[in-house]
Amino acid sequence: MNRTRWGFDWGEFILGILFIVAAYGLFRSPKIGLTGLAIIFAVMALLSGLTTIAGYRKLHEVTGIRANFALVFGILDILIAVVFFFDMNSAIVTLGYLFALWFIFDSIERLVVGSHLRSFGGGFFWVSMVLDVLTLIIGIMLFVNPVVAALSLNTLIAVFFAVFGVNAIWIAIARSRQ
């Protein structure tokens, strides 16, 4: 595999900041309506998918065929966002499951392609893996227990957004250290 010079990943960094801001907003205003939550989710899923697709070429240079997983999950992120944008009623009804699937997809994608972070230093790799496993567990919790998820959706989503945001910033910094 080629050693690609990443440089500071501004797209990943900005995505991380946006996720942290969204998490703060959800913690600060827990009574946000389901429609508002669905719109926030749609925007974040769209941005996540676009960022993943935008980084595909560099990721492919470093991880080879495994980058195709990232591409597929980036497309799935965008498709989930489209469902939320254009069929808001269905989005609200299936909110718990769609959030869970999105969390699971993104966590798996990062676990599959995260090996490229080893070249930036072992600490960057392991912190990212721990954060990805944490977000995967949150996604599974949402999917397996939708009633509990529905009752605590704001908090679980805010925690996911915060962890995912920190991880995105972590990856952006890691990529600048090569």
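Using N, Cα and C of the backbone, Cβ positions are placed for all residues, glycine too.
Predicted automatically and left uncurated, TrEMBL annotations should be read as such.
These features come from TrEMBL:
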TRANSMEM  7-27  transmembrane segment
TRANSMEM  33-56  transmembrane segment
TRANSMEM  68-86  transmembrane segment
TRANSMEM  92-112  transmembrane segment
TRANSMEM  124-144  transmembrane segment
TRANSMEM  150-173  transmembrane segment
Counting Cβ pairs closer than 8 Å, which of 7-27, 92-112, 124-144 has the most of them with the transmembrane segment (150-173)? 7-27
Output the single range from 33-56, 68-86, 92-112 maximising the number of Cβ pairs under 8 Å to the transmembrane segment (124-144). 92-112
Output the single range from 7-27, 33-56, 68-86 maximising the number of Cβ pairs under 8 Å to the transmembrane segment (92-112). 68-86
The transmembrane segment (33-56): which same-chain residues, six or more beyond its ends, come within Cβ distance under 8 Å? 9, 11-12, 15, 18-19, 22, 25-26, 67, 70-71, 73-78, 80-81, 84-85, 88, 91-92, 95, 98-99, 102, 106, 109, 153-154, 157, 161
